[in-house]
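> Could you have a look at this structure, given as structure tokens, before my questions?
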Amino acid sequence: MISLNRSSFLNKSSTSFSGISSFSHSQRKASATIIVGLSSNGHTNGRVEKKIGVVMESTFKEMNNGAASVLDMDGKTAVHGGVEDVYGEDHATEDQCVTPWTISVASGYSLLRDPHHNKGLAFTVKERDAHYLRGLLPPTVVSQDLQVKKMMHNLRQYQVPLQRYVAMMDLQERNERLFYKLLVDNVEELLPVVYTPTVGEACQKYGSIFRRPQGLYISLREKGKILEVLKNWPEKRIQVIVVTDGERILGLGDLGCQGMGIPVGKLSLYTALGGLRPSSCLPITIDVGTNNEQLLNDEFYIGLRQRRATGQEYKELLQEFMSAVKQNYGEKVLVQFEDFANHNAFELLARYRTSHLVFNDDIQGTASVVLAGVVAALKLVGGTLAEHTFLFLGAGEAGTGIAELIALEMSKQTKAPLQEIRKKMWLVDSKGLIVSSRKESLQEFKKAWAHEHEPVKTLLDAVKAIKPTVLIGTSGVGQTFTKEVVEAMASFNEKPVIFALSNPTSQSECTAEEAYTWSKGRAIYASGSPFDPVEYEGKVFVPGQSNNAYIFPGFGLGLIMSGAIRVHDDMLLAASLAAQVTEENFAKGMIFPPFSKIRKISAYIAANVAAKAYELGLASQLPRPDNLVKYAESCMYSPNYRSFR
């Protein structure tokens, strides 16, 4: 969203543009045209504004000798060519001034309604004079830190989590930097508000709380016009897209168009935790209908009121979407598939991973963070990865994705064939243990996990028969790790590893308190949604949160800063968090580091991922930086306010 502050034109000595005194005769004439186009009160009518826009663009191109101007957003504004800086902030330090570009020859009133540049009461007296803000704000000038303190005070007054979510979304829409400053500085408290578990309820009620679009909605009605729809988004240099079709939102099922809360939340975390600029992130929902009868009958539902499109119609829409994305944003835009149903998720990943930079967080991100947790847990349990046996409740995207990545790491460690290693992984679905006798009736992605064993119908019987050392729940069904199951795990494991990963909290296979109590304080526990610390027999246990937010922000940053053109499984293995867990964390039973360190963790992950991209020859950003961790940190967006000229 780029144009000019009117004071830049009205004052010929303005420092907003370098080289203004060397304007050619035609350039000065163009500037004069702009000044003439202003009315006596400094405002323009619609026709004059349109003329101004055309003249401004031609003037800028003349100034650059025909080269692309800032109006064209040529992609060269980047941190050393890495993560793009659309607003030119990296050409100055935080102590230097920048120009708050607004949508037209601006009044201060417009500036206050531009979330990219609005600072509210933090505008200084000098800035208020320079940008026509006198009288539009109360006289008090406050710091950003005081604004953060005030917002946290206000948020804590709400008793209902959804109210906090709505308040945060409202803040994001009016003051972007304050939103991210708030989130970065209070990540452990606010992460459950902007993401799981609260985002699940927000998606269920999205039609009621919807205020203004935070991303793009592409429905069946846009078939044949998707490229035009992408061009309607105001930001032109997009680096990461999170897209969903809303069919499998968390453990809540088909929420159709209202699944938009997930891409919006994920991209907020890309910025807050991984340092990608908000302007480079685009949330998208593909609306092909919904099979949720409750939503179809809800007068507040905001999506298509029809049953889900399937088969060729669905495939053609997604093909057009993926082609349009590459055409509009280029080869290196990261497309993250989010919360697609199993039957589409695996097919989409397989179809596009060789032609696009794509990543499925449910399959690959979950696998990476769980592998990191398992590797960390081994420091408490003992033994190598290959010495352990894994049992999964849930054989969908998450379960099979985790099993495959753990098996891949085992294979690399032992040099044994992957097919042989897979026999250490056992999966239970809704029909019981996946065994060879069921192979003909299994979906394709489950067949690799069908091993020789007699049929077993229940999870408890499977636990007793397989005797796993690690039990992982990805079923999306709450309370399935019963007391009998946990006690069985504890009966043949000194320290049973139990991951109850389903989201939101209501769908968790068991709570932290249940795991510690039923195992008599011996379980190594992690969950998908946060649980409070648990005291058992005088000892306080801090449950780990196996949250994808540990992985995907840093993973995405690593791909983008290296200019990766494809995602390779070895990059997921490189995103391990084990080295970030301290002895102090282990002493509390934690196998994941606290989120207060997340930006440093993300930089570390980004560096590992980028290093692997360079090693595999998949990086296009050359030459390779000497210190990738420092480079990653230098690429990160800062939410601190900037001073305006």
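The backbone N, Cα and C atoms fix where each Cβ goes, and this holds for glycine too.
These numbers come from a predicted model, not from an experiment.
Pulled the feature table from TrEMBL, pasting it below:
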type	residues	note
DOMAIN	172-353	domain 'Malic enzyme N-terminal'
ACT_SITE	Tyr195	active site, proton donor
BINDING	Arg248, Asn503, Asn547	(S)-malate binding site
ACT_SITE	Lys266	active site, proton acceptor
BINDING	Glu338, Asp339, Asp362	divalent metal cation binding site
DOMAIN	363-614	domain 'Malic enzyme NAD-binding'
> For Asp339 (divalent metal cation binding site), identify the closest of the recorded positions Tyr195, Arg248, Lys266, Asn503, Asn547, judging by Cα separation.
Arg248
> What is the number of other Cβ atoms found within 10 Å of the Cβ of Glu338 (divalent metal cation binding site)?
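There are 29 of them.
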> Between Asn503 ((S)-malate binding site) and Tyr195 (active site, proton donor), what C-alpha distance do you get in Å?
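About 11 Å separate the Cα atoms of these two residues.
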> In the structure shown, which of the binding-site residues Asn503, Asn547 has the fewest other Cβ atoms within 10 Å?
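Fewest other Cβ atoms within 10 Å, among the binding-site residues Asn503, Asn547, is found for Asn503.
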> Express in Å, rounded to the nearest integer, the largest CA to CA distance found among the (S)-malate-binding residues Arg248, Asn503, Asn547 named in the record.
18
> Cα within 10 Å of Asp362 (divalent metal cation binding site): which of the recorded positions Tyr195, Lys266, Asn547 qualify?
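The recorded positions close to Asp362 (divalent metal cation binding site) (Cα within 10 Å) - there are none.
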> Please name the residue among the recorded positions Arg248, Lys266 whose C-beta has the most neighbouring C-beta atoms within 10 angstroms.
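Its Cβ has the most other Cβ atoms within 10 Å: Lys266.
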> For Tyr195 (active site, proton donor), which residues in the same chain are close in space, meaning a Cβ under 8 Å from its Cβ, but six or more apart along the sequence?
Gly265, Lys266, Ser268, Leu269, Ala549
> In the same chain, which residues outside the set Glu338, Asp339, Asp362 have their CB within 8 A of the centroid of the CB atoms that define the divalent metal cation site?
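Apart from Glu338, Asp339, Asp362, the close residues are Thr244, Arg248, Ile249, Ile262, Phe337, Phe340, Ala345, Asn360, Asp361, Glu397.
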> Using a 10 Å radius around its CB, how many other CB atoms surround Asp362 (divalent metal cation binding site)?
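That number is 23.
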> What mean pLDDT does the predicted model reach across the domain 'Malic enzyme N-terminal' (172-353)?
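Taking every residue of the domain 'Malic enzyme N-terminal' (172-353) together, the mean pLDDT is 96.
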> Do you know offhand how many angstrom separate Asn547 ((S)-malate binding site) and Glu338 (divalent metal cation binding site) by C-alpha?
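Between the Cα atoms of Asn547 ((S)-malate binding site) and Glu338 (divalent metal cation binding site), the distance comes to 14 Å.
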> Measure from the CA atom of Arg248 ((S)-malate binding site) to the CA atom of Glu338 (divalent metal cation binding site) and give the result in Å, rounded to a whole number.
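If we compare the Cα positions of Glu338 (divalent metal cation binding site) and Arg248 ((S)-malate binding site), the gap is 9 Å.
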